[in-house]
Amino acid sequence: MHFRMKVLENSSKHNTPKKQKTFQHYLPAGDRCYSCIHCRANLAAHAELISKSFQGSQGKAYLFNAVVNVGCGPAEERVLLTGLHAVADIYCEICKTTLGWKYEHAFESSQKYKEGKFIIELAHMVKDNGWDEQNDS
């Protein structure tokens with residue numbers, strides 16, 4: 001028996017990257033969270049907040065354990081207030097605004113707790129869902 005095979009060529013003649021559709025993640029309604037000040041996309045649940053005692057390039061910043069709707073750029077070494085770290089800028093996946101950075105690696109043992117954590121500057125986020133004036137912690 002003799003079989004014939006037809007080879008299908010890639011219909012695209014150019015190697016242009018395909019656009020990926022961005023799906024927005026919504027945190028549970030009623031749960032306190034932080035959102036992008038520019039487009040109001042949810043960024044982090046209040047339960048993921050580790051510390052309010054951080055300094056970003058544009059002022060006060062918060063450290064979070066986990067974030068949503070955030071993209072990450074390439075890591076680079078930077079000397080920060082607490083020493084040398086490998087960090088990657090993070091940005092809002094919806095409006096593409098740079099929000100802060102992700103700690104990829106800490107070179108000093110006392111700073112290892114930051115690895116894999118995220119800094120978001122207050123200049124780029126607002127409180128959303130379930131906040132009241134009396135309980136603002």
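Backbone N, Cα and C define each Cβ position, glycine as well.
Noted in Swiss-Prot for the protein shown:
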{"type": "BINDING", "residues": "C36, C39, C92, C95", "note": "Zn(2+) binding site"}
{"type": "DOMAIN", "residues": "32-129", "note": "domain 'Yippee'"}
{"type": "REGION", "residues": "1-20", "note": "region 'Disordered'"}
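Recorded features from Swiss-Prot, shown on the structure.
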residue : record              : Cβ neighbours (10 Å)
C36     : Zn(2+) binding site : 23
C39     : Zn(2+) binding site : 14
C92     : Zn(2+) binding site : 24
C95     : Zn(2+) binding site : 15
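Using DSSP to sort the residues of the domain 'Yippee' (32-129) gives these counts of helix, strand and coil: 12 helix, 60 strand, 26 coil. The Cβ centroid of C36, C39, C92, C95 marks the Zn(2+) site; residues of that chain outside this set whose Cβ lies within 8 Å of it are I37, H38, R40, A41, N69, E93, I94, K96, T97, given in sequence order. If you average pLDDT over the domain 'Yippee' (32-129) in this model, you get 96.
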